[in-house]
Amino acid sequence: MNPFLDLGIRHEVVNAITEMGFEKPSPIQEKAIPVLMTGNDDFVGLAQTGTGKTAAFGLPLLELIDFTQKHPQALVLCPTRELCLQIAKDLEKYAKYMDDVHVVAVYGGANISDQLRQIRRGVQIVVATPGRMLDIIGRKAIDFSNVKYVVLDEADEMLNMGFQEDINNILSETPEIKKTWLFSATMPKEVRRIAQNYMTNPQELTVGTKNTGNENIEHHYYVIKARDKYAAFKRIVDYSTDIFGIVFCRTKIETQEIAEALVRDGYNADSLHGDLSQQQRDKVMKRYRDRSLQLLIATDVAARGIDVNDVTHVINFSLPDEVENYTHRSGRTARAGKTGISLSLVNVKEIGKIRRIEKIIGKQFEKKQIPQATEVIEKQLLAMMNKIHNVEINEEKITPYLPSIMESMQDLSKEDIIKRFASLEFNRFLDYYQNAPDLNADARERDGDRGERGERGERRERSVSKGFTRLFINLGSVDEFSRGDMLGLICDAANISGKSVGKIDMKGVFTFFEVQDADVKKVFDGFQGTEYNGRAVRVEVSGEESRGGARRGGDSGGRRRSGGGDRDRKGGSFRGDRRSSGGFGGERRRSASRSKY
Ligand code: AMP
């Protein structure tokens, strides 16, 4: 008998999840479903993402809710739009063969009227991110008086993102008598406090050891010199021929710089960070999901809730500021029973942080060596030969060309032909890795820090004109600015003359520009609290930011720029006001201090 039937799940649902490939319950499902199916207890489940949490609470909800009624009976709160959509979609899939099940996904950054319409039509399960949920509650557009079950999914993430107050406000709209089920990957004291405040004697369940990462993840670290990081990273990528990875950086600028450098060096990469509009984010995510992107370069905040299966590597290009975040990062790989690698590039001084992470995840890291050029060449060559070996041959289409192909090769032996094919790529690698040094930190000490001769992708030193400071602004050619427009905008905003502005280096979603040292403060003050097309405009000193250094800028006390009127520029509107929280990212960017991400 199907083990899900043993757990009391109805046939229709078992049929649907069998189609989804669920053969037996995952450990969290096995433990949580019997408890939750009774509908009698509050519940705290400590489990990573990717362990099958959604079905652990979703399947019991489908058994407990009265679907003949059309009012909300369950509310699932989760931190991000991606997760919200995923949960709603999964619930609908489990209920594929049930009648009258209505689930609505309520999240920011999308048209609210569609969501309101669905709610009006009648729903039993509301899956929501906190910001948009409060908005809808504020419009008195939903009645939670019949809610019997509240699920707080990824509770630690919601608190990390500053949703504590929103959660309190939302829960105060639900009846006193209800069951609350909380899921969290970690159990910091803030999450504990929620459990204490909102639950009575919750049943607690831990999958794996407390705060322990997924068993299927291998944790590796490489010790390198800070300035070799990029080259070392590329070596690892080149060596891992089937990589499908997420690369974590600490700041938006770092994600952009690395994605740009990778694209320039011929890799298939793009960045995901908080400055992108929802539409841009969706586009990047679609490409990643479709695997047209091989490397997704992301900040912690932007990557929250990313739910893509088969990620082979999580790469910590920079370790997270908060060691707790390491668990969230590494949990993006080894989902649904697969294996994965979470690797970190660190300098000698950061080894202590690795030890702290080991304590948190309860697992040891393995120290690895950056592959040598010869190893990479061998690996790439074999991968290529493998590809040739396994290529699908379209007999029909190639046949007409075969006689002339054969003729052109007739003077060559089989060995010669193979050698030539291999050399096509081999010569490129040889060229590419010519004089490539050993990048491991200890070797670099030994060889006296010889330069990175030959290896491609050496970072170009940027020369800044004397007496000028190089600044970053998060507007670029995608905003349909020309260099002249940008000059005008800077001069207008800072009230300085064009002579004060030096080189302007326009990029896709951002621009570097030079300003005379004496006018830097004017620029910061001028752009303080401004927005362009609903996006908060951000100006930073470029070098400082990319090193994760402190942010500079006029005063941060929410001053409005003087004369703050609207300006139109090529159809885009520049607002000299502080951004309202209703627009894009309102949910995600509560506090200015997070805007680096
Ligand atoms: P979740 O932790 O709910 O995001 O689930 C992670 C992935 O595991 C999703 O792709 C699910 O469809 C899949 N999954 C969940 N439960 C099972 C199961 N019992 N058997 C196989 N796959 C599952």
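Glycine is treated like the rest: Cβ placed from N, Cα and C.
All annotation found in TrEMBL is predicted automatically rather than curated by experts.
Per TrEMBL, the stretch carrying the note motif 'Q motif' among 2-30, 176-204, 205-233, 495-523 is 2-30. Residues in the motif 'Q motif' (2-30) partition by DSSP class (helix H, G, I; strand E, B; coil) as 17 helix, 0 strand, 12 coil. Shown for the domain 'Helicase C-terminal' (235-378): DSSP residue counts in helix, strand and coil, namely 60 helix, 28 strand, 56 coil.
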